[in-house]
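Chemist: First the structure, which I've put down as structure tokens, then a few questions once you've had a look.
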Amino acid sequence: MPGLGSSLSLRHCLTFATGLVECLCFAGAVFGWASLVFTLKTEGYFSSRCVNTTEVNATDVLDCSGQDEQFSFVFTIASFMNNFLTLPSGFLFDWFGTTVARLVGIFLYTLGTLMMAFSTAALSNLLFPALSLLATGGILFLITNMQVGNLFGSHRSTIITLYNGAVDTSSALFLCIKLLHESGISFRSSFLFLSACSVIHLLRTFFLLPKDHIPYLLPKDYTYGITCGRSETLSIKQTPEKTPLNVDSPVKQEKSFRECVMSRFLVLHFLWLSVMHLRHYFFIGTLNPMLQRLAAGDSSLVSQYTNAFAITQLCGVLCAPWNGLIVDRHKGKARAAGESEQEADLRALALSLFLTALQCLVFSLCASIPYLPLQYFTFIVQVFNRSFLYGGNAAFISVAFPSCHFGKLSGLVMALSAVFSLLQYPCFALVNGPLDGNPLYVNIGLTLLSLLAFIHPLSVFLHCRNLASQRAIVASS
């Protein structure tokens, strides 16, 4: 049909661009918690937890460690929900398709923004369900958008990592709310505006995304969405998937969901993701009290560093594609005799996984040093690491396992890492209690724990080397 190709190309580009905006502006707002905490404190949320205490020199001071603990608890629950509910979200997406998953996500996100809008200092506990709903709705936005990479073939991994980086960048949304609040725009008005934006999400769901899933590999002239009041979604036969990589033997075969779950790669991938998740969540959850401690309570200095942290999060969308390019650079290049495209991608992912673990180690070391100006560098390394972490997680699962299990496996890994990340709350309690607000020893412990992340890239590297050795033996015989 004349003009169909250009029409499809335009729709693909619009789908990609609007998905990027959605991830940039909404999906990962929960990770800008440090900026929102600053605003919430000025509004008096959980202020009843602050008590007057008398120091050794008989000076009366206001102890707000209880208030900080409540804010940390809100973030702990929200970050847990953000990851743990990825499992049912993945099943929802795999079983019921894009439209149903997005409608659920839009409902949860809108409900969360409305709860935030109508919360007050007297209703501080509304923050618990509100932030959790924002986190859960945001993860559904991300899951349904990552399939857009299937529209762009050889750039698939780059698109996936770009969207994950955009989610990191969206944490700057709460910085915008903080700055608007300081300029006189009420907290309630900002969140009511976010609620109204749900109309945009609905329009995109029906006009620029399929009812079911975007297949990979993409059939010729595949189209989707609603045009002129009627559905244009192409009814297609099952498209053969790339033969999934069998990580336990050189023979390639379709793997069941159970086989994927029990594989060595998924177990090590869970460990890789979980230790870095915990490190990042502890850093974000304790950022505000850490800055207060290092700035000796200077609120203007704390605000300055909080803004700097939020601004660096804007760079997440610029950092993430580099991870995808590490994988996609192999496409179109000559490979070793007998080496499949998936094996080449997996070999590239070994480097990606290693660089991510190395970034986390550097970030953790910098975060452990109690020197305020160094935290500027810590913010930069942190945003690079988070961008590589989430993009690399999605890219690895999409390469190493069958795409029909992508949503379920992504959800499972994130859910298990969420359970692991609950360790952050005992860490918070330890810092606020026996350690008297000093996180140094906990930071050292988490730095040592992050060394476990190097096991996964080493395992992938050794697996690829064994495959290469087996091909060499076969070729020589």
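Keep in mind that glycine also has a Cβ here, set from the backbone N, Cα and C atoms.
What you are looking at is a predicted structure, and each value in this text was computed from that prediction instead of being measured.
The transmembrane segment feature in TrEMBL is assigned to 12-38, 71-93, 100-120, 126-148, 265-284, 304-327, 348-371, 383-401, 413-435, 441-462.
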Chemist: Does the structure show the transmembrane segment (413-435) and the transmembrane segment (71-93) touching, where I'm treating 3 or more Cβ pairs under 8 angstroms (sequence separation 6 or more) as a contact?
Modeler: yes
Chemist: Can you tell me which of 126-148, 265-284, 383-401 gets the most C-beta pairs within less than 8 Å of the transmembrane segment (12-38)?
Modeler: 126-148
Chemist: So if I exclude everything within five residues of the ends of the transmembrane segment (304-327), which remaining residues of that chain have a CB under 8 angstroms from its CBs? That is, six or more out.
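Modeler: Beyond its ends, the transmembrane segment (304-327) has Cβ neighbours at 20, 24, 31-32, 34-35, 38, 155, 157-162, 164-169, 171-172, 174-175, 178-179, 287-288, 291, 295, 345, 348-349, 351-352, 355-356, 372, 375-376, 379-380, 382-384, 386-388, 390-392, 395, 399.
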Chemist: Which residues of the chain, 6 or more past the ends of the transmembrane segment (126-148), have a CB below 8 A from one of its CBs?
Modeler: 15-16, 19, 22-23, 26-30, 33, 40, 45, 73-75, 77-79, 81-83, 85-86, 89-90, 92-93, 98, 101-102, 104-113, 115-116, 118-119, 159-160, 163-164, 167, 170, 201, 209, 213-214, 394, 407, 410-411, 414
